[in-house]
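So that you can see what the record holds, here are the features copied from TrEMBL:
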type	residues	note
REGION	1-25	region 'Disordered'
COMPBIAS	7-25	compositional bias 'Basic and acidic residues'
TRANSMEM	129-149	transmembrane segment
TRANSMEM	161-183	transmembrane segment
TRANSMEM	195-215	transmembrane segment
DOMAIN	265-441	domain 'Phosphatase tensin-type'
DOMAIN	330-388	domain 'Tyrosine-protein phosphatase'
DOMAIN	353-410	domain 'Tyrosine specific protein phosphatases'
DOMAIN	448-584	domain 'C2 tensin-type'
Amino acid sequence: MSVVEYLKPESKPEDTDSRKKKEHVVDIEASKEELTTKTDAENKRKSFFKIKSSSSFRASISAWHNFQNKVRPSFDVKSSVNIRASIGTWHEFQKKMSSLLRVDDGVDQESDTWCQNLKGRIRPCVMSFPYRIFGVSLIFVDVALLIVILVTTSKSIRIPFAYRVVSLLIALFFLFDVLLRIFAEGFRNYFSIKLNILDAFIVVGTLMIDIVYIYVNTGGVKQIPRLAILLRPLRIIILIRIFRLAVQKKQLEKVTRRMVSENKRRFQKDGFDLDLTYVTARIIAMSFPSSGKQSFYRNPIGEVVRFLDTKHGNHYKVYNLCSEKDYDPKYFHYRVERIFIDDHNVPSLNEILKFTASVRDWMQLDKQNIIVVHCKGGKGRTGTMVCIWLIASNQFTSAQDSLKYFAERRTDKGSGSKYQGVETPSQSRYVGYFEVIKNKYKWNLPAKNPLKIKTIKIFSIQGVGKGNGSDLEIEIILRKQVVFHCECQSSINCKLFHDVDANSVIIGLEGCPVLCGDVKVKFLSSSELPKLYDDCPFFFWFNTAFVENKRLYLPRSQLDNPHKAKTWKIYQEDFAVELLFKEPEPNC
């Protein structure tokens, strides 16, 4: 879908005045001449791009250039079709672009200076897992030394000089750590958290105690026994160190959550740090809101509730797409709807239509209403449903565009280059199915198409397991139940033919049941083939209503698991699976 088509305002009856205006509209070339200087162009762009998601004006200019590159091919310059005639008035264009681009990235806006660039380099280092583990290790070492000193010098208040030096160095490290975090997070952000304020006081206080006990002779305190007991420094420092360990635990939790979320875009401002992304102003994608031990490395449910209640009050509804996990809906004030989708798998077409109807009803109740969609990691199942809603709500017309957009929003390219969009081919296929349902079938499911699988052909079989297909087993799953199983080695419910010259195998199924609707075909192996998603070498989903000419051909890129680059040493470029169908007998 072109940007012009996406931004095109709703059609209205043309009156005489509007037609006259169109006749005198300046075309593209004339419009370009209005921007007489680069300064004027920049000023117009500055006034236009009030984008929360851009961290700098440079990002705004980049967004402008990207938009120009997308829009330019959509205009018929030869026929002098001008911008205003294509997308309405300039005012309407500004309004629509602003609503499209004004999405909160969850980070504070910062100017693009050498200082901010330095912060960008320091922040990942300070919040890295090895750095935080090193800090925790230092506290353990320090506390262990203190305990040893307490035991060996129980009758003396004098602290050995060697320990005082080690303790001072450790205290200096934590002072340096606090200063780095203040610089990286910003003074206001850092001290907006009460625990950080207390931590800073403790670090400075510990350092002062260490300095005092290096340069001050405390031998005179022995003359005041009660005071010596009260001020026993080692006991005080142990308590301080143990509290610092608790603080480090909080920091370690943050680092672990960031490590688990990888380079997914996080919301990291206003006192929050959550694996949560605004896909649009009214759609949030996030990972599972957890409690107990899982909250150590995933979104703590209490923090998620605090975020949603703070930002959106009673105007949010949560969609839990996990079949394997649940939580008490009271956390989200019982505004929770659950759709049971297995990890790395797809929703049924019926579930998709129910989801879109539910979201539409909720969104229409109030313009402030938003949806919060999550699965376990907030990427595969979440992305599938979010992309479907983007199409359903006319924000995109094609599956490909919605999938690209979701990946752009969910991926934090500043933290890594890993793709964080909808990854499995079957999930992308079902987003494509919905595009057809909406645009071709006008929101109706296509006619049922009951079929039986006649043969399964696997291309480029050499190097896959035994290389002849004899180690393969096949499961066919319908409505989450295994309805057919065959074993090639023992010829149970199938016959195997290995074509050595063609480097392929043909598996003829015997007794395959009638399949109708959403079907999953899963391949197992007795060989040591790598098992990735769904604990099997490869699998795929399809719907029989979309099978054409009784044939379904899926290349490597459209098979779940072989689509991943790390499996390509086994599955060659021309690896593919072809299903040939037949119509069921009339009495079936």
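Using N, Cα and C of the backbone, Cβ positions are placed for all residues, glycine too.
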Residue distribution over DSSP helix, strand and coil in the domain 'Tyrosine-protein phosphatase' (330-388): 29 helix, 11 strand, 19 coil
Non-local residues, at least 6 beyond the ends, that sit with Cβ under 8 Å of the transmembrane segment (161-183): 119, 122, 126, 135, 138-139, 141-142, 145-146, 149, 190-191, 196, 199-200, 203-204, 206-207, 210-211, 213-214, 237, 244
Per-state residue totals over the domain 'C2 tensin-type' (448-584) - DSSP helix, strand, coil: 12 helix, 65 strand, 60 coil
